[in-house]
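This report concerns only the one structure given below.
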Amino acid sequence: MDWGTELWDQFEVLERHTQWGLDLLDRYVKFVKERTEVEQAYAKQLRSLVKKYLPKRPAKDDPESKFSQQQSFVQILQEVNDFAGQRELVAENLSVRVCLELTKYSQEMKQERKMHFQEGRRAQQQLENGFKQLENSKRKFERDCREAEKAAQTAERLDQDINATKADVEKAKQQAHLRSHMAEESKNEYAAQLQRFNRDQAHFYFSQMPQIFDKLQDMDERRATRLGAGYGLLSEAELEVVPIIAKCLEGMKVAANAVDPKNDSQVLIELHKSGFARPGDVEFEDFSQPMNRAPSDSSLGTPSEGRPELRGPGRIRTKRWPFGKKNKTVVTEDFSHLPPEQQRKRLQQQLEERSRELQKEVDQREALKKMKDVYEKTPQMGDPASLEPQIAETLSNIERLKLDVQKYEAWLAEAESRVLSNRGDSLSRHARPPDPPASAPPDSSSNSGSQDTKESSEEPPSEESQDTPIYTEFDEDFEEEPTSPIGHCVAIYHFEGSSEGTISMAEGEDLSLMEEDKGDGWTRVRRKEGGEGYVPTSYLRVTLN
């Protein structure tokens, strides 16, 4: 069924319907345009929200970035940012594939519709003009017939009138004949005009207008098909980003599952472990009777021989740092303002950074030397002298970095000694297996250790001892039952065990592993020729049994 056959007389209806179709197309385009604005505003707000909650400091400078909770939150923010990008992609696809293309198509449809209806109106105008000509010829034929009949009646009356002259009769007959001839010509013209109009009318209703209506039908069906495809693009734009959005949501789920409370607790320990020894018991100070007060092992230590120690009024008290106000710290290059454990970690980081920079400069120097050799062998490739400033600068950088590495190595060794000493102090008071001994070498006897303890307790503490960690002696030493090695290790670097509780080792020396690193950076080993002690874990290549 087609419009040209079934709706041959509904020109105005078709005009209204096609206009409605184009209006619907324009309304849909406007709807999609506003939808893209909503998507863009949504994406912009999401990006602003993500930017607001993202950490302001770089991850390497932000201690909080080491916690799994913070890492998961940052990952969720990144996934939300990616989700916002997908909403922007939806808006862009809708804007290009729907708004722009359908707007252009709508303009084309309007031009085509206008052309078809102009053609139909011209055909209607032509048919109306033909009908007017037909009516004019018909009225002329009717008028001429009346005039001819009137002239014939006049001639017949004069012919019967005896008073009429022959000339009047002849004149009346000629007039009647003329009118009759004119009526005959009008008749023929009317008949020809009628035949022409009927032919034009048949062409108009059976050929011309049906063709125009069929073109309008084809145009409207194409518009409806294109509009339906535009409806589909709305869902296709969403379906295209569904896999990426699903990955974003999966990433959020992974981030949620990545929260590790135990690991965060360990990270907190690593970040803020000071390495200080715990304070000893608070001494009893008896002011009720005058008596000689013997100084104890340390300012806060447990009195010797089980007797409560009495402190004189002139004795300087050691500040118990957990309860005191923290003074402003001045940042120093060797990080001595930090607690021992944190100082060791920061020095280790600086040493690694300087070592990497040194290796980079060495590689650059080698590359410049090779380039210089190439220039010397092939002068047309470049001037060897032009590389001299760069080589000189590289050598200067290498010397500077070597000095820095040596400086940080010395500071690191000193910091490791402090950590080892504090670790021994803390463990000796809490009856743990000994870490690096601070008062006696590994092969000393318990009697000598005890004697040293007594001698140290009899010496008056100096003012310098007020700022040093308390409890610097061990109650026990290494003479507990010998333990079997739990593995072996090889010394990667030479280490001079200058602090008490440590042991020296040569580079490449094979050692027995007696105790693993407890998290403070030290490992207990035994040498083949005898003797046990602590060495830096980072100086070893360890293999467990």
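Just so it is clear, glycine is given a Cβ too, placed from its N, Cα and C backbone atoms.
No curator has checked TrEMBL annotations; they are predicted automatically.
Features reported for this protein in TrEMBL:
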- 1-264: domain 'F-BAR' (DOMAIN)
- 280-323: region 'Disordered' (REGION)
- 314-323: compositional bias 'Basic residues' (COMPBIAS)
- 337-414: domain 'REM-1' (DOMAIN)
- 351-370: region 'Disordered' (REGION)
- 421-486: region 'Disordered' (REGION)
- 473-482: compositional bias 'Acidic residues' (COMPBIAS)
- 484-545: domain 'SH3' (DOMAIN)
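Here the region 'Disordered' (351-370) has Cβ contacts under 8 Å with residues 387, 390-391, 394-395, 397-398, 401-402, 404-405, 408-409, 412 of the same chain, all six or more residues outside its ends. Broken down by DSSP into helix, strand and coil, the domain 'REM-1' (337-414) contains 72 helix, 0 strand, 6 coil. Mean pLDDT for the domain 'F-BAR' (1-264) in this predicted model: 92.
When DSSP labels each residue, the domain 'SH3' (484-545) comes out as 3 helix, 29 strand, 30 coil, counted as helix, strand and coil in that order.
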